[in-house]
Amino acid sequence: MVRMEDIISLAKRKGFVFQSSEVYGGLSGAWDYGPLGVELKKNIKSEWWKSMVYLHENIVGLDSAIFMRPEIWRASGHIDGFSDSMVDCKDCKSRFRADFIDLSKNCPNCKVGNNFTSPRSFNLMFKTHIGVVEDSSSEIYLRPETAQGIFVNFRNVLDSSRLKIPFGIAQVGKAFRNEIVTKNFIFRTCEFEQMEMQFFVHPKQIDEWFCYWQQNRMNFFIETLKIRPDKLRFKAHDSTQLAHYAKSAFDIEYEFPFGFQEVEGIHNRGNYDLTQHSKFSNNPKIFEYHDLLTKERYVPHVIETSAGLTRSVLMTLCNAYSEEELSDGDKRIVLRLHPKLAPYKIAIFPLVKKVELVEIARRIYIELCDDFHIFYDDSGTIGKRYRRQDEIGTPYCVTVDYSTIEDETVTVRERNNMTQKRIFINDLYSYIKTEILNYKEDFNK
């Protein structure tokens, strides 16, 4: 069983995630992504973008501003309705989301009897000011979701891209929520990244497309990110759990070390958002769709897929982490990342730091670095270098040895099963490409 302390230790030690502002004592719930973290995050984002935009001819991309006019958040219902209920323990002063604890039992922190304040509403949006004068006219918000930037650009995208219903708009970007409690490492934070797609459909086709996107998104986690199927599940929202904009919703949950938690939501938003913006902007035609074939005019309904990029990073680390007992009694830590997600695809080693071996290793690096992100390492024993790459998920290690000088072959060592093959240098590119393309994960290991 994977433990969170092992994931956190690896993430910090190897440069996936660092505590933000650490030299000043750190900032609770804020994290910086290190050299390996930014690569893993970029690779997940790239696979998501490919699955949404490149593999669907009727989905296009958008990158909307973080700052938007406050009227947008008034129309969307976030100013009045985007809040959580919170309570405080009167004894230890700890603060909790009311829906995260049993108020009839002892405080989870101090274990004293149920001595809580009455639940009170807490708006999750960060408010700030824009301009030189701080008054009500200059109030502005950090966006709590990326979706509204898509909705207010509905007409711009529709007209400029010459799209027809059904179509989607995809976006990856940062969102901000003043969470009552930040916890579980990078899982719940005030600053995070979302991967969202809003799919606009005819009202009569909403159920059909909702089912399609449910299955499509589950397949993405299993087939593309190679998440263990037994660690994933659907969870339906009941009426008390629905967001103010949703008619129905399903979460895709992953079994983290701290239990099953949401990594993506699929929501039937109906025509709530477009209708609200048509009312508040006094411009209903902008949010209306005119079908030239049927002559029908209507406000499209929306299916939303909303995944947490930062949560997906944590899920991927938990899913890939393993510890193995070797035949010599030693322990090996391995990140079994899909090669497409691995921060480095290849590590290149000269067996020893001799000029003739280093020159060949450097030549291979230069020949392949346009196509693969490569780590070069010539220090330490070859065994230790292998172990270092296993820990960060590098799928293939290429070793240049004395035989290379004679026959232009190198040793390619595979991460998961540690098998080694001799490959001609001229065949390295095609060999690695084929291996990545045909990669299969054995979920029984």
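The backbone N, Cα and C atoms fix where each Cβ goes, and this holds for glycine too.
Per Swiss-Prot, these features apply:
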BINDING   Arg97, Glu145, Phe192, Glu193, Gln194, Met195, Glu196, Glu304, Thr305, Ser306, Ala307, Gly308  substrate binding site
BINDING   177-179, 187-192, 262-263, 308-311  ATP binding site
Local Cβ density at Leu309 (ATP binding site) - other Cβ atoms counted within 10 Å: 20
Among Arg97, Arg177, Arg188, Arg311 [binding-site residues], residue with fewest other Cβ within 10 Å: Arg97
Rounded Cα separation (Å) that holds between Val263 (ATP binding site) and Ala307 (substrate binding site): 6
Leu309 (ATP binding site) versus binding-site residues Arg97, Phe192, Gln194, Glu196 - nearest by Cα: Gln194
Rounded to the nearest Å - Cα separation of Cys190 (ATP binding site) and Arg97 (substrate binding site): 14
Cys190 (ATP binding site) CB neighbourhood, other CB atoms within 10 A: 17
Taking residues Arg97, Glu145, Phe192, Glu193, Gln194, Met195, Glu196, Glu304, Thr305, Ser306, Ala307, Gly308, which bind substrate in the record, the widest Cα spacing (Å, whole number): 25
Arg97 (substrate binding site) versus Glu179 (ATP binding site) - Cα distance in angstrom: 9
Mapped DSSP class for Cys190 (ATP binding site), helix or strand or coil: coil
C-alpha spacing of Phe192 (substrate binding site) relative to Arg177 (ATP binding site), in angstrom: 8
Which same-chain residues, if any, lie at least 6 apart from Ala307 (substrate binding site) yet have Cβ under 8 Å of it: Trp48, Gln194, Met195, Glu196, Arg217, Val263, Glu264, Gly265
DSSP state at Leu309 (ATP binding site), helix/strand/coil: helix
Arg97 (substrate binding site) and Arg188 (ATP binding site), Cα-Cα, nearest whole angstrom: 13
Cα proximity to Arg311 (ATP binding site), best match among binding-site residues Arg97, Phe192, Thr305: Phe192
Sparsest-packed of the listed binding-site residues (Glu179, Glu196) - C-beta count within 10 angstroms: Glu179
